[in-house]
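Now, the feature entries from Swiss-Prot:
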TOPO_DOM  1-61  topological domain 'Cytoplasmic'
TRANSMEM  62-82  transmembrane segment
TOPO_DOM  83-95  topological domain 'Extracellular'
TRANSMEM  96-116  transmembrane segment
TOPO_DOM  117-120  topological domain 'Cytoplasmic'
TRANSMEM  121-141  transmembrane segment
TRANSMEM  144-164  transmembrane segment
TOPO_DOM  165-186  topological domain 'Cytoplasmic'
TRANSMEM  187-207  transmembrane segment
TOPO_DOM  208-237  topological domain 'Extracellular'
TRANSMEM  238-258  transmembrane segment
TOPO_DOM  259-325  topological domain 'Cytoplasmic'
TRANSMEM  326-346  transmembrane segment
TOPO_DOM  347-374  topological domain 'Extracellular'
TRANSMEM  375-395  transmembrane segment
TOPO_DOM  396-403  topological domain 'Cytoplasmic'
TRANSMEM  404-424  transmembrane segment
TOPO_DOM  425-433  topological domain 'Extracellular'
TRANSMEM  434-454  transmembrane segment
TOPO_DOM  455-468  topological domain 'Cytoplasmic'
TRANSMEM  469-489  transmembrane segment
TOPO_DOM  490-505  topological domain 'Extracellular'
TRANSMEM  506-526  transmembrane segment
TOPO_DOM  527-570  topological domain 'Cytoplasmic'
REGION    537-570  region 'Disordered'
COMPBIAS  537-546  compositional bias 'Acidic residues'
COMPBIAS  547-560  compositional bias 'Basic and acidic residues'
COMPBIAS  561-570  compositional bias 'Polar residues'
Amino acid sequence: MSTPQKTAGGNNAYHNFYNDFLHIKDPNERRRLALAEVDRAPFGWYHVRAVAVAGVGFFTDSYDIFTVSLLTLMLGIVYFPGEGKMPTTSDTAIKLATSAGTVIGQVGFGAAADVFGRKSMYGLELLFIIFATLAQALASGSPSINIIGIIIFWRVLMGVGIGGDYPLSSIITSEFATTKWRGAMMGAVFAMQGLGQLAAAFVMLFVTLGFKKSLEAAPTLASCTGDCAVAVDKMWRTVIGVGAVPGCIALYYRLTIPETPRYTFDVKRDVEQASDDIEAFKTGKPKGQPDEATRIVAKQEAEKEMEIPKASWGDFFRHYSKRKNAMLLAGTALSWCFLDIAYYGVSLNNATILNVIGYSTTGAKNTYEILYNTAVGNLIIVLAGAVPGYWVTVFTVDTVGRKPIQFMGFGILTILFVVMGFAYKHLSPHALLAIFVLAQFFFNFGPNATTFIVPGEVFPTRYRSTSHGLSAAMGKIGSIIGQGAIAPLRTRGAVKGGNPNPWMNHVLEIYALFMLLGVGTTFLIPETKRKTLEELSGEFDMSGEEEAQRDTTLTEHKTEAPTSSAAVNA
């Protein structure tokens with residue numbers, strides 16, 4: 001076996017890409033060769049670290065988003081005594097608040113990350129989330145302001161931070177990822193959403209068990225007053241407050257993550273810094289340390305010679321005035337929008353749906369059993385459906401491909417919602433629960449994962465974060481439509497003492513229509529597996545012959561590199 005060559009400044013563990021290509025003067029060629037090394041790098045601990053840093057933040061996002069159905073249930077008990085539930089308008093407003101803030105964060109942080117850099121924004125959005133989460137847990141009403149209004153305010157602010165995390169986590173992961181496993185890495189980050197949902201269900205279960213004695217005293221939610229109401233008040237504050245813990249753990253690592261080499265190459269045009277940042281990432285350092293004089297000269301040359309267009313408003317509109325690029329953005333944005341209409345319409349109403357199908361209330365003798373059944377029901381949905389769906393995507397997305405998974409997911413979800421909607425009155429509660437669990441599985445082994453992954457791959461570096469943010473924002477606009485306009489229709493025609501959700505079957509039928517529309521928009525997106533980000537975005541267009549030539553060039557340059565490096569060091 002031949003001994004692998006080591007370039008100056010490298011070792012067996014950490015290869016020095018900077019010295020590999022130090023002798024190459026053309027900044028475009030250095031960029032291509034250095035990024036090829038990133039794309040071809042074997043999967044290592046530095047990739048695991050990138051996924052973990054992005055994933056812990058996404059875990060926090062998911063926990064905070066999906067505790068809302070539990071939050072509104074408990075707020076209804078505490079602040080609406082005698083009724084046991086809050087008005088539908090208040091329930092909807094709290095759920096919409098996070099989505100409204102998320103739209104702002106996705107567009108704002110997405111654009112800012114393209115202007116100021118990924119590193120500059122990463123961590124700032126997490127500060128929003130941590131602060132707003134703690135503020136919610138400590139919130140209290142007063143004679144002059146209602147607790148519902150206070151919660152809505154803080155959830156909007158929290159949503160801004162959550163929104164910023166979508167484009168940043170996706171883009172940073174994709175730009176650091178090896179081409180072969182980029183889908184799995186991005187899918188693993190997104191799969192933390194399932195673990196966040198699972199954690200929310202477990203925390204709810206534990207606090208319910210902890211206050212069992214106080215909760216058992218009230219036979220119904222409406223009669224939960226006194227010690228029972230105090231217990232529920234402590235419960236919702238605990239459930240919300242715990243969401244700040246993983247964010248605090250992830251904050252340091254986000255603030256110290258290096259800038260992505262692609263951004264430094266293509267937007268900053270800082271060739272020397274980007275080359276050193278690649279090495280810094282692999283060694284766990286926050287930033288590369290190139291020679292400052294060499295860096296300044298190289299940057300000046302790159303400004304003149306780089307083939308990649310400079311980012312500007314004019315270039316942005318020129319780029320998306322081309323039909324191909326506009327249709328691509330429409331494909332990612334509309335697919336996400338149609339998905340979230342149904343996904344958030346049902347997922348943020350898990351507690352309501354469990355109640356509708358009788359799972360949480362049937363046979364329940366007191367408030368404790370209702371809340372316990374709700375927590376266990378959420379655990380069943382997440383463990384049996386959501387979590388497996390996420391991880392099946394992680395293990396198949398780089399072999400099956402993004403587009404087939406999205407087609408399959410939308411298609412099967414259309415069928416499941418048609419069955420739930422049109423056969424709603426003929427299905428038993430257990431059958432409805434089983435179909436609902438299947439729907440959660442195919443949301444996540446389907447478009448919920450792929451709509452996050454694809455926008456992080458197909459757009460050029462200079463507009464990648466903005467475009468991902470716009471796509472994600474359309475998704476959250478869809479969730480606002482699903483929660484604000486469609487989900488409340490379930491109460492249409494309700495009479496006091498009767499079925500509180502007589503229109504639930506028609507709501508599910510409407511969701512089926514949007515899943516069918518998602519099948520159509522999937523035709524607008526390309527297959528992205530095993531292709532470099534530059535191939536997908538058209539930043540350089542390689543045929544098979546050109547790619548083979550590039551591989552030959554890469555080998556030749558790396559063979560020459562030790563000699564050149566030695567000359568530099570001499």
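A Cβ is built for glycine as well, from the same backbone N, Cα and C atoms used for every other residue.
For the topological domain 'Cytoplasmic' (455-468), the residues of the chain that approach it from at least six positions outside its boundaries are 109-111, 113-114, 118, 166-168, 170-171, 173-175, 182, 186, 262-263, 265-267, 308-311, 315-316, 319, 328-329, 332, 336, 525-526, 528, 531, 533, 536-539, judged by C-beta separation under 8 angstroms. Listed as Cβ neighbours of the transmembrane segment (121-141) (distance under 8 Å, sequence separation of 6 or more from its ends, same chain) are residues 57, 60-61, 64, 79, 105, 109, 112-113, 147, 150-151, 154-155, 157-158, 160-165, 168, 172, 237-238, 240-241, 243-244, 247-248, 250-251, 254-255, 257. Using DSSP to sort the residues of the topological domain 'Cytoplasmic' (117-120) gives these counts of helix, strand and coil: 3 helix, 0 strand, 1 coil. Broken down by DSSP into helix, strand and coil, the topological domain 'Extracellular' (83-95) contains 8 helix, 0 strand, 5 coil. The average pLDDT computed over the topological domain 'Cytoplasmic' (455-468) stands at 94.
Spatially, the transmembrane segment (326-346) is not adjacent to the transmembrane segment (62-82); fewer than three Cβ-Cβ distances between them are under 8 Å for residues at least 6 apart in sequence.
Helix, strand and coil counts under DSSP for the topological domain 'Cytoplasmic' (455-468) come to 10 helix, 0 strand, 4 coil. Counting Cβ pairs under 8 Å to the transmembrane segment (506-526), the stretch among 62-82, 187-207, 404-424 with the most such contacts is 404-424.
Counted as Cβ pairs under 8 Å, contacts with the transmembrane segment (469-489) are highest for 96-116 among 62-82, 96-116, 144-164, 238-258, 375-395. Per DSSP, the topological domain 'Extracellular' (425-433) is made up of 7 helix, 0 strand, 2 coil.
Sequence-distant contacts of the transmembrane segment (238-258) (same chain, six or more residues past either end, CB-CB distance under 8 Å): 49-50, 52-53, 56-57, 59-60, 63-64, 67, 70-71, 74, 119, 122-123, 126-127, 129-130, 133-134, 136-137, 172, 199-200, 203-204, 207, 277, 280-281, 285-288.
Counting residues 6+ beyond its ends, the transmembrane segment (375-395) has Cβ neighbours under 8 Å at 70, 184, 187-188, 190-191, 193-195, 197-198, 200-202, 204-205, 208, 350-351, 354, 359-360, 405, 433, 436-446, 448-450 in the same chain. Annotation: stretch 144-164 has the most Cβ pairs under 8 Å to the transmembrane segment (96-116), among 62-82, 144-164, 187-207, 404-424.
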